[in-house]
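Undergrad: Before anything else, here's the structure in question.
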Amino acid sequence: MKKTWLFLTALLFSSVAFSAIDALNFSSPQQESDYHQLTQSLRCPQCQNNNIADSNATIAVDMRGKVFELLQEGKSKNDVVDYMVARYGNFVTYDPPITASTLVLWIAPLLLVLLGVVFLLRRKPKTQSAVKSQEILTDEDNARLAELLNKDKXMNFTLIFILTTLVVALICFYPLLCQFKAKHGQKRDDLNKALYFSRLEEIEQDNSQGLVENVEQLKQELQKTLLDDVPSKVQENVDYSGKSYGKIWFISGVLALGIIAGPSYFMVGSWQAESMLEQTYAKLPYFFDRMKNEDKNPFSDTEMQQFSTALRIDLQKNPTDAKKWWMLGQIGMNLGDARLAFDSYQKANKLEPDNVQYKLGYARILMFSEDATDKLKGGNLLREVIRQEHTNIEALSLLAFRYFETEDYKMAAVTWAMMLRLMPKDDERVPLIEKSIRTARDALEAQNEEKSKSITPEK
């Protein structure tokens, strides 16, 4: 008895499974291939997530039959698709045509990018005046100017944040603002009615040809199917009454996006670092005043770092100020940042190549380099300085050190002796230079003895 029930259950499910398979007689393999391709590429209007080949809905069965009928009439695949689109709308295809609503989704991101580019170009700093701001503005004016610039930047950030939020919200929530010409329920009713009359016409044709016997029963079944597919008015109102709240949902989505984006930026964004940089830059006039009393009140390491940061920001806005580049090089030397000093001195010398002070600072950093090419370039710069100023003690000192380093002890001693003649006798550096001269002469004698030994053959 148990085996009999299992057999009947299996037979029941197998009959249900095979009921979805259409028994069709194709005239050619190509026609069969076209049929399967079309049924897999057309979407079921009732199921929406399935194609008509996989759907068992009544409308899907009728659509499969219509596809077969049109192919039997010699229609092409494009003709079949055009027929289905004309009858059921663009929804039945998985590749709908481009419309105004789809263009918005494609063009909006490009417009957002173009808007950002235009904004960046408009923010490009204008050409700075040739007159230095420090000569025409007081410290109070500089402080007020920095405060105004900070307000403008905060206003720009707020406008960008609001604009970006609105554009993203429009792209994401645009469908909520769309006002459809017909409701979903009305479209479905019209589709079911059209299907009902089409099927009724087919039954009448089959009856006139004597292909069916129980015409009334088929009509009653068709009417029952129509009633089952069309829900009651109460259910229709309950299911789709919420569609009138599209604008409310849109506003809620925009607010939610702003609430999420704002705290997220303040948590992980770089606004704190940018704010600190702006505060440091605003202290630049204060650092210039401190330089006047640096001997009595020297800079601390922290203040030196802040001064360096403020100068960098200022040089980004006015990169042609050679004096500030030289000052940044001096700060780099005090901080022990050789790369900062090298780049700053190089920039200052490039902007004003005839300035002896800038050329001397660049030559000094080159002389301290371990690269032979840099040392050679530094020596050439020192000779240029001495040709411009024959009495430049610092240039002579660096050149004498260069001679001593290359074991040219004679020129080192001569250069130091020249420095002695230029310096006052009571100068604190005189004993050190005299000692350097003696060291150079001793090294020269040892060098000459070594040369004489190498020249004189041993007996």
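Heads up, residue numbers simply count up from 1 along the chain you see.
Any Cβ shown, glycine's included, is placed from N, Cα and C.
From a predicted model like this one, the values you see are computed outputs, not experimental measurements.
For reference, Swiss-Prot lists these features for the protein:
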{"type": "BINDING", "residues": "Cys44, Cys47", "note": "heme binding site"}
{"type": "REPEAT", "residues": "322-355", "note": "repeat 'TPR 1'"}
{"type": "REPEAT", "residues": "393-426", "note": "repeat 'TPR 2'"}
{"type": "SIGNAL", "residues": "1-19", "note": "signal peptide"}
Undergrad: Which residues in the same chain, at least 6 apart in sequence, have a Cβ under 8 Å from the Cβ of Cys47 (heme binding site)?
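TA: The answer is Ser55, Ala57, Ala60.
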Undergrad: Over the repeat 'TPR 1' (322-355), work out the mean pLDDT and round it to an integer.
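TA: Taking every residue of the repeat 'TPR 1' (322-355) together, the mean pLDDT is 86.
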Undergrad: Does DSSP give Cys44 (heme binding site) helix, strand or coil?
TA: coil
Undergrad: Once the chains shown are all counted, how many other Cβ atoms turn up within 10 Å of the Cβ of Cys44 (heme binding site)?
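TA: Counting Cβ neighbours of Cys44 (heme binding site) within 10 Å gives 23.
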